[in-house]
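Colleague: When I checked Swiss-Prot for this same protein, it listed these features:
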- B:225, B:254, B:283, B:319, B:339, B:340, B:341, B:380, B:381, B:382, B:383, B:419, B:446: substrate binding site (BINDING)
- B:423, B:487: Zn(2+) binding site (BINDING)
- B:567, B:570, B:575: [4Fe-4S] cluster binding site (BINDING)
């Protein structure tokens, strides 16, 4: 079959709504309509959760990858009246790399991709269309209102799960310096964006995006990397991988394609993505110079930035901190430079013995960013590639530079986040967060893991979820996922899912620890369903209902057992939950108050220790051995 | 085929040595011979790692499950001359539970099991044969020497991976109050056991055990739970699961069987286990009274303790802290009492309105424990079953009681560890460790996870590995694994492996963070192999070589690519490791010293900031929005 049909076919696999779930919308002003997923429980409750899957899980939406997604933001962008459409740069064959394919299949996709493209839009001459620019002028954009509604979620249902004063005090989060509001207001979002403490990645040429925020005082977000490479995989697979990734909860997706047809692949991905798309433009620039790092020029790179800004990429990873004077600090490392972009620029710098051209042209880059509202993701090209290289001079020298560049970007009102490691043992993670906050002025931190150990190939999604959860709690705003294939190969569809679920766990654990007001209720709903043996609700409230149900069925396949008041682990006689009901009746019968209860405990203690003394119990434990 | 043959057949699957690995032994005195796994790298290096797999991975060992494993400790036990053999209690049909099977298959296994049994041994009248008793008398046992050698591992090869002063200082662990020695000496082990800060679970009726230590100042250990249940699984499967579990790194295994043939299953497991075996005796006692909690009596329970002590069980989980006055503190919990043992005892207490008989008979239990050197694992029957119930009054009231009971046990020189939760959000984990150390006098803490969130059914091994790694770093001595089937069903063979690998990751991450002297070198060896593209070495140094190799082959199946100086992620042109070599040559050519390097950095910074000022760069970021 021809390529687009193959894609349509692939997508149909990922469009099924989640079990017992439907798409609902929370309305705001100016046509702001925020999608959420509502899960209907068997006890009549309705639980609403954050939804990154876009129109794909809405059975009412007609989706045709050849037409792309409907626009969410065009009206808002036009209403601001500060942009203009224009012809855009001429598309050239080289955009798909020195080795672009000419096969019929690719030509078909290329033609389709060209048809997909919207007329490019940019700021009017001398204008600035970044969300930060509006925020600093006191303007609350529809994007900001959208984000506020989205972060709040539907709080109504959560009341059911509010505990008494004792529980609320006991479980109160530890925000570690973050200032998380009880309710997100559009004005709060504006203020965070104005301060640079949060970004809303939303290129004016990506109106299909459903606005979301990345910031320390918002829920922790996760990013999934996709992209074909010189070695393997196809355009259709990458687009389907995007839809698959957001189905499981990716808040952002980075297209890290490095191979052929790189421009065409990106057209397909951006036009079909409801989440912000990030790229590393140096990868495409390198394809254009046949993969020879030393042949890179500012002109080629600059043209690539405009090309991608016109396509609608929402943020660029730019390794402007890989400065000539830092490079040799990596010479004695266990694993040198492990960032692709970092190593390409290091190669360029030492070959020409010149300062990194991304650093020297940084202000010119800012001019491009603010004309399209592309956000910076300042790359950590010198991040450690092993625990052994964590927190070293090269890493922190670059981090300080990224802090300086953040201030340059902010001078232009360009939204900015900072990329972080990588490989960091648990006891060195806090220092990463502290240094980043100190030197980067609270600009959002966006880390890859970090992996806490090096000896788990095949399980690095777990080794890194540990570090990710911890640094997320400490204040990192977005966690870049790691799949089981890290260090070994390219992730397939299932690897992408495994990586995303591991990172949803890390991000949620961080939100709970920070005390994000919308986080805990879903866990409480799950625990209540557990206690009441509502098996279907347990499956449906989970991050992956299909897998939970399959696992349960392996032991107790019968449908009846999904109503059963016991589970496979203990069998009927041992059911502790069942016994707990007796405990409740007992406590109710005894009618004990909390005071009496504690009194009982004290009394019990007293009696006990008296008993010890009576027995002449020797409580002192000799430290120096008694010679026999 | 008949049952034992089926078992032989199953075991053959798990006996293959790890790739490029061989069993080596470090010799001590008095026939102490500590097994380790030596991995031969392609560059000629030999890396030796801690090995829990016992004789099963030694191709020279003949293993016949029908004969059990050879004894490691009989000579040492006899040499102490403080024990006697005796007939032991009479075996009765009820030992296999009220509903024991009479099938030919089970009868065969039962006959084999009876033949397997060693003549029971106990302390001579009035004697005490615990490792703690010896330790407190200044006696260094062969078990203690064994543990010291085992914890050290072969340090020779690690020298290769010692960093310079800068690296060692930068990576120095944060022990959080633990006192981890540079080298483990037998005297250090004795002192830790004497203080009660470590235990060596080693029943004198389990001479097959390879001694290991559980303590805050030793490497973090992990436990795997196996056991058949009323609902499913067979004896052979459970024995094979034991061998499978220790292959992947389980330091301890608990047999949580609750179903029929519970005694026979245990015979098979203990006689074939080189690692300490723990049980929860109340499960068997309940089987003996037909599953009716209120019918439990001290007499039946006491008889069960002796039965299991004679079989060689190394530690008993005893829920003596579930006291009558605490039970109603669970009445308002989200998930009540979720510990099976805890709920059984709560049921008994409230039915009879009497204090827990394990609490009232605790000193009698100590008398049994010290006659066989069975260690206490004081159960947390009131642990939280949801994040919502974490750190509540019931949990901490029980923990305080466990601290008192620890002092009673220590009065009898009985080795003791304390069980902990369960479900605890990240920000409440530290309090669990602090309270345990405070109230339990540094007795080893043994936690189940904890799970940091409740919404990940199917992935609770990950949700809990996060909490396990953190609490392991904080001072927990042993981590009880959680499998992907937690809350859903009984773990099969692959689930057991998934749970163990996740927990090896957590334990190793904790060892690295604590600064265990033997921990980091393996990671460095892996990172060096990565940097040098020694793919086979990367697979073989990992926790799961098979999976790592399979994942790599999915992308680059050819053998040649395992020598290739690039990997599938980036392809040849992008290889950052390759580029790093150029960086090294450059740095070498430039001959820069660390001082010059840092000077360069400062200079660069100065230049940069000067540049900003020259541009009149406005570095102040307005906080209050400027009205347009």
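Even glycines carry a Cβ here, placed using N, Cα and C.
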Colleague: Report, in sequence order, every one of the binding-site residues (B:225, B:339, B:341, B:381, B:487) having a CB within less than 8 angstroms of a CB belonging to chain A; if no such residue exists, report 'none'.
Modeller: B:339, B:487
Colleague: Which site among B:341, B:381 has the most other CB atoms no more than 10 Å from its CB, taking these as binding-site residues?
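Modeller: Going through B:341, B:381 one by one, the largest Cβ count within 10 Å is at B:381.
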Colleague: According to DSSP, does residue B:381 (substrate binding site) sit in a helix, a strand, or coil?
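Modeller: Note: residue B:381 (substrate binding site) is coil by DSSP, not helix or strand.
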Colleague: Among B:225, B:339, the binding-site residues in question, whose Cβ has the most other Cβ atoms within 10 Å in this structure?
Modeller: B:339
Colleague: List, in sequence order, the same-chain residues at least six positions removed whose CB sits under 8 Å from that of residue B:446 (substrate binding site)?
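Modeller: Listed in sequence order, they are B:214, B:223, B:377, B:417, B:418, B:419, B:420, B:476, B:477, B:478, B:479, B:480.
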Colleague: Would you please pick out, from the binding-site residues B:383, B:423, B:487, the one with the fewest other Cβ atoms within 10 Å of its Cβ?
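Modeller: Minimum Cβ neighbour count within 10 Å, taken over the binding-site residues B:383, B:423, B:487, occurs at B:487.
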Colleague: Using C-alpha atoms only, work out the spacing between residue B:487 (Zn(2+) binding site) and residue B:339 (substrate binding site) and round it to an integer in Å.
Modeller: 13
Colleague: Which number gives the other C-beta atoms within 10 angstroms of the C-beta of residue B:283 (substrate binding site), all protein chains shown included?
Modeller: 24
Colleague: In whole Å, how far is residue B:423 (Zn(2+) binding site) from residue B:339 (substrate binding site) when you measure between their Cα atoms?
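Modeller: Rounded to a whole number, the Cα-Cα distance is 12 Å.
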Colleague: Work out how many Å separate residue B:341 (substrate binding site) and residue B:423 (Zn(2+) binding site) at their Cα atoms, rounded off.
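Modeller: Each residue's Cα considered, residue B:341 (substrate binding site) and residue B:423 (Zn(2+) binding site) end up 17 Å apart.
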Colleague: Taking only the Cα atoms, work out how far residue B:225 (substrate binding site) lies from residue B:423 (Zn(2+) binding site), in Å, as a whole number.
Modeller: 18
Colleague: Which of the binding-site residues B:283, B:381, B:383 has its Cα nearest to the Cα of residue B:423 (Zn(2+) binding site)?
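Modeller: Nearest candidate: B:383.
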